[in-house]
Structures are given as C-alpha cells and as structure tokens.
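*Asks:* Got a structure here, written out as structure tokens. Questions coming.
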Amino acid sequence: MDGASNGGMLYHEVQESKLCAVHCVNTVLQGPFFSEFDLAALATDLDRKERQMMLDGGAASGDFLSVESHNVSLDGDFSIQVLQKALEVWDLQVIPLDSPVAEHAQVDPELENAFICHLQDHWFCIRKVNGEWYNFDSLYAAPQHLSKFYLSAYLDSLKGFGWSIFLVRGNFPKECPISSSEASNGYGQWLSPEDAERITKSCNSTLAPPQRIDPSQQQSNPFIPSGEAEISLDFSEMEDEDLKAAIAASLIDSFPATASSETGLPQNENQTSKEEHQ
C-alpha cells in the first residue's frame, strides 16, 4: 500500500464479548466499518439463500428449516462465508492460503497485505499497514509489530497447529475518517505505531521471559478476557532457535487441546511445529 494511510495511525479493536469476527473484519479494513448487527444481517441473508437453494434442489422444508444457522452460532461466532461477504462489499477477496491461487503468498507472504486466521471460535487479522506488518489479534491490548522473518515463521506455526489461514486480496480502503468514526465503535481505538509498541512492551513486561504462561495468572491480566489465553511474547531480540521454541510454546499454551488432538504434537514447550522453517 502506497503512502501512509489514516495519517500513519493503526486501528485496533480489543476483544468485546465474542465479537472477534467483527474485530477481525474491521482491522482488515482498518476502521470501524462493521458492527455485530451488520454481520448478523449478512448471516441471516446467507441462511435464507442457502435454504432457498435447498428447496430449489428438492429438499423437504422439514429437513433443514429447524436446523440452527450455519453462519452464526448462538454465542455470536460467524462463519467464514459471513466474513467473505462483508469484505466483498469493499471489493476484497478471501482466499484459502493452501489454494493454488495463493501459491505465491505461501512463499513470500510479506508481499501480500492481509491474512485472516481462524481456530475453533476465534478470528484475528494479520495486516500490513504503511509498509509494516502487525498482528491485530483482539486478545492483545495493541497491535503487535511483526518483522518479515517472523511473519513467515508465525504463519507456518499457525498452520502446523491447525489454524485455518485465509489470504485477503483486493482494493483495501485507503482512508477512514478518524475524527468522525472514533465515537462509532466503543471497542475500537486509533494508535500510533509508537503507542502500540509502548503498550505491547508494557504488557510483555508483566510476563516472565519466554516460558509457559501460568493459567492461574491469566485472570489477573486486564487485557486477557475471561477464558481466553494470551499468546503475547516479545521475540525481537531472540535467536532463531529461541524463536522457534517460543512460537511453539505460546501456541501450545494458548490452545493446548487443539494442539494435542489435531496435530498430534506433545505439549512440550520446546516442540516446534516444523523444524525446517522459522
């Protein structure tokens, strides 16, 4: 993306209830463009179209009309189809990273602009803003800067631990009027890169050096919603081997059940997802 968008500011949303899909879409777009009601309306429309297609295909109405929505759960989690529809409004495509169309992004992810990551009921966005990459996970108090090397290593680790990753391509909005949109979203905030770095360092200073996070201490961290795990660690000065171990350990700590059951990897903080990368 050419030039400094939004005056060089970063738009970030901190986790509210289970609205991570809303936060994910808005951080891809870098502004408070969608609310939970907007995504719910898209989900309802998708449900209606899917049911009509089933009726047109000869299915009996009783076979599916009583089934709960496949596009939004009762607790507010949205499907990838809803996120796709939302981003299509802005002429953006959502492409599975393992598809042939995204082959170049698998090799050189730093040349792209945005990725969406999903596991179980959590969504978050990794986005390039003003030429720099940031992790806009809503579980973080501020966007976390990612080096180009760490971007590739982190994406590979996520894939190794069962995350679904989607590439976002298209014409990203260049600007979002900050002055008029600040009050439109209670959980969004505009931060300078310097403020984001300061907040991140402040949060990381409360954690021990790279090691397993004690679950009993999670509730004392005001930036981690109840029941969610913090993956935040400062990797900026680590050697490659330390980086590998830290990425694996942080992912295992965050989603231990998924890591052990879906990947077959032991819950060992020195276990890496793939030894040949990062």
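Positions of Cβ are set from backbone N, Cα and C atoms, glycine also.
Straight from TrEMBL, here's the annotation block:
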DOMAIN    7-183  domain 'Josephin'
ACT_SITE  CYS20  active site
ACT_SITE  HIS122  active site
ACT_SITE  ASP137  active site
REGION    205-229  region 'Disordered'
COMPBIAS  205-223  compositional bias 'Polar residues'
REGION    257-278  region 'Disordered'
COMPBIAS  257-271  compositional bias 'Polar residues'
*Asks:* Can you check which residues sit near CYS20 (active site), meaning Cβ under 8 Å from its Cβ, same chain, 6 or more apart in sequence, and list them in order?
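*Replies:* Long-range Cβ contacts: ASP121, HIS122, TRP123, PHE124, SER138.
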*Asks:* Looking only at the domain 'Josephin' (7-183), report the model's average pLDDT.
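*Replies:* Computed over the domain 'Josephin' (7-183), the mean pLDDT is 87 on the 0 to 100 scale.
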*Asks:* Counting other Cβ atoms within 10 Å of each Cβ, which of the active-site residues HIS122, ASP137 scores lowest?
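*Replies:* Among the active-site residues HIS122, ASP137, the lowest count of other Cβ atoms within 10 Å belongs to HIS122.
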